[in-house]
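Lifted from TrEMBL, the feature list:
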{"type": "TRANSMEM", "residues": "20-44", "note": "transmembrane segment"}
{"type": "REGION", "residues": "148-167", "note": "region 'Disordered'"}
{"type": "DOMAIN", "residues": "180-354", "note": "domain 'Amino acid permease/ SLC12A'"}
{"type": "TRANSMEM", "residues": "253-284", "note": "transmembrane segment"}
{"type": "TRANSMEM", "residues": "311-328", "note": "transmembrane segment"}
{"type": "TRANSMEM", "residues": "335-354", "note": "transmembrane segment"}
{"type": "DOMAIN", "residues": "456-755", "note": "domain 'Amino acid permease/ SLC12A'"}
{"type": "TRANSMEM", "residues": "470-494", "note": "transmembrane segment"}
{"type": "TRANSMEM", "residues": "515-542", "note": "transmembrane segment"}
{"type": "TRANSMEM", "residues": "562-580", "note": "transmembrane segment"}
{"type": "TRANSMEM", "residues": "616-634", "note": "transmembrane segment"}
{"type": "TRANSMEM", "residues": "640-661", "note": "transmembrane segment"}
{"type": "TRANSMEM", "residues": "673-698", "note": "transmembrane segment"}
{"type": "DOMAIN", "residues": "769-885", "note": "domain 'SLC12A transporter C-terminal'"}
{"type": "DOMAIN", "residues": "900-1138", "note": "domain 'SLC12A transporter C-terminal'"}
Amino acid sequence: MNPAHDACVKALWLHNVLEPYSLVCLNGGLFICCSKHCVCYFAYMLRHSYMILTWFSVSISRSCSEAKMNNSIRPSVLNVDGLHLYSAFLTIGHPKRFTMLPHIHHSCTHSHTDSGVNHARRQPEEMDTIPMVSSLLSSLANYSNLTQGSKEHEEAENNEAESSRKKPIKAPQLGTLMGVYLPCIQNIFGVILFLRMTWLVGIGGVIGTFVIVFMCCTTTMLTAISMSAIATNGVVPAGGSYYMISRSLGPEFGGAVGICFYLGTTFAGAMYILGAIELLLIYIAPKAAIFPLEGLEGAEAEAALLNNMRVYGTLLLTSMATVVFVGVKYVNKLALVFLACVILSILAVYAGVIKTGIDPPDFPVCLLGNRTLISKKFDVCAKTMESSNGTMVTTQLWNMFCDSPFLNATCDRYFSDNNVTRIQGIPGVTSGILADNLFGNYYEKGDLVANKDAASVEGVDDPMTNSNSYVLADITSFFTLLVGIYFPSVTGIMAGSNRSGDLRDAQKSIPIGTIAAITTTSLVCILSVVILFGACIEGVVLRDKFGEGVNGNLVIGTLAWPSPWVIVIGSFFSTCGAGLQSLTGAPRLMQAIAKDGLVPILRIFGHAKANGEPTWSLLLTACICEIGILIASLDLVAPILSMFFLMCYMFVNLACALQTLLRTPNWRPRFKFYHWALSFLGMSLCLTLMFLCSWYYAIVAMVIAGSIYKYIEFSGAEKEWGDGIRGLSLSAARYALMRLEEGPPHTKNWRPQLLVLVSMDGEQNVEQPRLLSLTNQLKAGKGLTIVGTALEGTYLLNHEQAQRAEQALHKLMETEKVKGFCLATVSSNLRDATSHLIQSSGLGGLKHNAVLVSWPRNWKQADERQTWRNFVELVRETTAASLALLVPKNIAAFPSNGERFSEGHIDVWWIVHDGGMLMLLPFLLRQHKVWRKCKMRIFTVAQLDDNSIQMKKDLTTFLYHLRIDAMVEVVEMHDSDISAYTYEKTLVMEQRSQILKQINLSKNEREREVEQVLSLILNQNENGFSSLQMCVQMTWSEKSDGEPAKPPGAATPEGIKDIFNMKPNQSNVRRMHTALRLNEVILKKSSEAKLVLLNMPGPPKNRSGDENYMEFLEVLTEGLNRVLLVRGGGREVITIYS
């Protein structure tokens, strides 16, 4: 006997003896039992072989008590013969749900248990996170993929009354024939075949209709090939084409095309309902019309027919929606009946064609001249007939055209001049009528349906009278209209892929079933229907859309055997079934889109009843379907749904082509008979057919899809499905980066590609958020933007901090609407981290060319010494790297993105030519709404020997050629004597600098010495120095001859006194004099400006002068509210040439 079976029997016996809820361990197997249910899990190992895990389930009654089992069985770890085994215990009522299990140790009486536990303890982390191979294989072997559609809902309805008993869901059992082939056949052979195919052949001719059918069938065949490749590239859950497109092209395309496919399916439901009502009111029960058609002519008759269609269509839609709402199971049970109707109707047509070659049916058509007469209005196709007494009497036809029944009555002129002839409407397949039907006959609305080969006497200027007695064209026909009307008849190719969750082997069934169904229907439509209709039926009968010339019979019904009613009744039920299927499938498609969360406003349609029925989606579908019914014309609704289906097919082909060309590693379809060229050809045909059907409908469909795409892009949920568009983006990015490597950009293409350097506080918040506001205003979403921050430490210990910093940067970038990338770099010190950012940011040719960094705030404070030193080093590094540098001063005073300047100026002080940066930046700022109303002013400085008038004229001309609107002003700065104030300021700076350099003490001692120095300075001030500039702390340290200043002595009171006896450096005095004079002029001219842009001089070569450099910049910008210091990158960034 099987040892596993023995173990289960023993466990059940022990279970009756032990507690009602117990753990039993036998032969290395662990069993969990409760009072009403016992699930035995047995692990058995053959020595010197692999472990075999055998699962048994012995059910004693329905389920365990919820109070005892908490609706689940707890997971455990089995230890068998010293080996550690993971076991996934099934949740009661959900036999397909597997989970990874944590460790739960139990005391089982087994000789090797302890060794298994010790083994688990030796590697707890790895064993907790990595599944064993046996568990993985077991999960894959038991994988089940059930559709989230009607079948699951039907089972839920059947089980509502048995909530306490959960039946296991059966594995999908549908094969290729029942799951794919027949559903596709049923959807393709639909309302268009029965109601419009004969009319299409009559209007377009056999050749024209053949071209239309061939184009449409070729399109669907190519689409089916692409769809087969996608469907066999892995498991395709329920969702059909929407799932394939969204997972192949991404959520934006998937959502847009999915909604278009939903709209197409919904309008298809409207088309089927309109077809059913047309069959009902015209062929089955004409007297049921609420708005009677008798006695009406022209527009009145057409309006009455449309109103009848609207009323009955609404009633039928309500009935169908109620059936779907009450129970989908009734729709599924009737599906076989509807399929049988379609197949029997097709067979009846073929039987009738065969019979016409043997014994053609008697369906006479009455012609007056070459005009077709409406046969229901008369009984005999003759003007007069011989009575029983041998006299000639008039007929009903005479009364239709004459004012009295007498032979001397005044009659219609055309009636008098032409004879009445009777021809056979179905001459038969051997009659040779095919030659007459080869070419098309297109009509304007209201034209007579005439036999061009019949004799007719007609005056050129004679008006047409008694038009209500003739068969007239109800719409204007043309080739592209026929394409739009026919294409919905080939849109059933997705029926198989939509049932992918119900198929036993979807990867095998979908390609074979779909391609076989398209091949079958194409042969039937091209070789059989088109040619046989043209060979069997008279041309005027083919062009008679509603069969008015053959006693109101359905034209295709006249060909059927044994009776026209076979086709009429069969087509009525088939159209009703197709409408029910559309109302069943469309809500579930909308529910799938809503549950994916792609479109936030559609989330409400993801809700469903307890059994999963999408109630809200059904209501939406019914409302949209009502729009199609209100159109009330089958010929007008058909092109609408053609647009949506064609767009769906186009993107299926695009998805396959992209995946093939990109050669992504995951693209491994089992279906091998595909090629990217075929997919592109299918996509091109879809696009061509869209504009052939109706160019304005095509534009509307594209606008709808584009609007949905952009809405999902900006407002929808972010999904990462590994789609082809992302792969295409990566390939395009790689190609573009390789192209950028070929050389630097031309001056015309130059724009600031910014590296924005920000600092973070202890709570990972950006200290200068207005830097990103300025970035947005300067970039407006164009070009490259990298926001970087430097962190101190080691990456191994601070990588989580770096991730949080990047998240904070990304969040702030979204708030400030800055489009770009963020980066946090960790290094042993901030200086090196900043240097790494400058060196390594960007990729290939896509690198930054400008650095934006804030002016160091409070740089004069003693504890900020390293901050400004890092800043000066940053200036040096950007200069060495030929990068432009933008330094906003008082960044907190800069406007946010929500502010607006209604007036004001942006002043540019152009002192040194820097490649045009000072000209370009204000122009870019004024493109943003914050600065748009500010005017630009350019100031340049003239020396004593410069011609100010000529400078202004030349600068104005230069700006004109640059196409920049700005006011120009030349400021003259005459040489003046260096004031005592300048000497004083320079001397105090140098003294302060030298004292701090000589004091080499601890921080606290240095602060005490500084206080002593300040007191000495105050004493000096009493002897003639001003005390207004005591806050100045740093000076240049370089002598005029370039030699470094020597220390005047040790840090002693005597040495400090010697420092105060020193004379100021003349070079420093000149620099300070220039800064002060320029600052005075700027304050005078630009004190009210909204923004001032200045050239930023370079730092000194000798680092000992960095303090004086900072002081120089401070003096230069003193008193200005908003300043942007600009340092060019050494190349021209603006040109006068086009």
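Note: Cβ is positioned from N, Cα and C throughout, glycine not excepted.
No curator has checked TrEMBL annotations; they are predicted automatically.
Sequence-remote contacts of a segment are chain residues at least 6 beyond its ends whose Cβ falls under 8 Å from one of its Cβ atoms, and for the transmembrane segment (673-698) they are 215-216, 218-219, 222-223, 225-226, 228-229, 479-481, 483-484, 487, 639-640, 642-643, 646-647, 649-650, 653-654, 656-657, 660-661. The stretches the transmembrane segment (253-284) and the transmembrane segment (616-634) are in mutual contact, each linked to the other by at least three Cβ pairs under 8 Å (pairs 6 or more apart in sequence). Sequence-distant contacts of the transmembrane segment (311-328), counting only residues of its own chain at least 6 positions beyond either end whose CB sits under 8 Å from a CB of the stretch, comprise 150, 153-154, 157, 269-270, 273-274, 276-277, 280-281, 290-291, 576, 579-580, 583-584, 587, 613, 615, 618, 621-622, 625-626, 629, 632. The stretches the transmembrane segment (470-494) and the transmembrane segment (515-542) meet in space: the count of Cβ pairs below 8 angstroms, excluding pairs fewer than 6 apart in sequence, reaches at least three. Below 8 A, the CB atoms of the transmembrane segment (515-542) and the transmembrane segment (335-354) form 3+ pairs separated by six or more positions in the chain. Summed and averaged per residue, pLDDT over the domain 'SLC12A transporter C-terminal' (900-1138) gives 68.
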